[in-house]
């Protein structure tokens, strides 16, 4: 690229957007250059094959002088956006919890190897982070969480999450714990409804929120709050609540990492008003970056109307991998990767 055409060195902004397909359109390139944009979240619709995905992430990173953060929901089980052309079929996190009940040491090993395979494959294709692990407790009632949760015991959840994050870290990938302070106790799906959890703050902190306090920002460089209302604590969903984000998560639990909002287009976010009101509420509560997914019209509306609020730039930058990852062919020949896949296969089949 010639010097005159080099993208401007904008710091990351507080809005994460998405793209429609497998290649960037000119309109999307323009959107990514907006100073309020700080990241891009990918979905299954953005994947045709590994070569195409790698080209797409290269184009996204090249859109700005300081590359945007590229993220994806790639947890394993039913929430795994890329499943073909060599990507490993990752187990649902409940599988790790079931292994724990038989053999805790084997479960810890499986969690680390799963995290490593997950992250190594994503990074080989240019994806910077996955919004994982899910720290919600498995109460057996939540429709949207289900087998995405490790276990019902918060101590087991914390141990398995820590092991999974260790695997991510082996590749240079940051983790994101979700959905603070806990989405597992309510049946409603916040994508389509507004869940309400009527428990007391003491009960939530003792169980659901405990892993966040135990792990902290050294293990979880980022956290995503739930679009769930806890009326005994605040009338607003956690992601829009200064009580939850600033006072409890950051103040009481001492958390100093990045806080992402969940998708502002979800039904659970509708209580805060229009897209601008939702973003303002999340940022005012203490979130560092807000997600606007599947509605480019709302993303553009927000980018046009949101007054610039300097984001926690240093926090956000810490989520970017510090070093380059091996490409796919090099990864396939890597002995650590081969070992991790063998461990996964042996433990799950056994």
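Any Cβ shown, glycine's included, is placed from N, Cα and C.
Record features, source Swiss-Prot:
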- 191: active site, proton donor/acceptor (ACT_SITE)
- 262: active site, nucleophile (ACT_SITE)
- 73, 81, 148, 178, 179: substrate binding site (BINDING)
- 189: site 'Important for catalytic activity' (SITE)
Can you give me the same-chain residues 6 or more apart in sequence from residue 189 (site 'Important for catalytic activity') with a CB-CB distance under 8 Å?
142, 143, 144, 195
To the nearest Å, how far is the Cα of residue 148 (substrate binding site) from the Cα of residue 191 (active site, proton donor/acceptor)?
15
Measuring Cα to Cα, how far is residue 81 (substrate binding site) from the residue listed as 'active site, nucleophile' in Å?
17
Around residue 148 (substrate binding site), how many other C-beta atoms are within 10 angstroms of its C-beta?
25
If I restrict to non-local contacts, at least six residues apart, and a C-beta distance under 8 angstroms, what lies near residue 179 (substrate binding site) in its own chain?
134, 135, 136, 224, 225, 226, 227, 228, 238, 262
Among 73, 262 [recorded positions], residue with fewest other Cβ within 10 Å:
73
Sort the residue listed as 'active site, proton donor/acceptor' into helix, strand or coil using the DSSP assignment.
coil
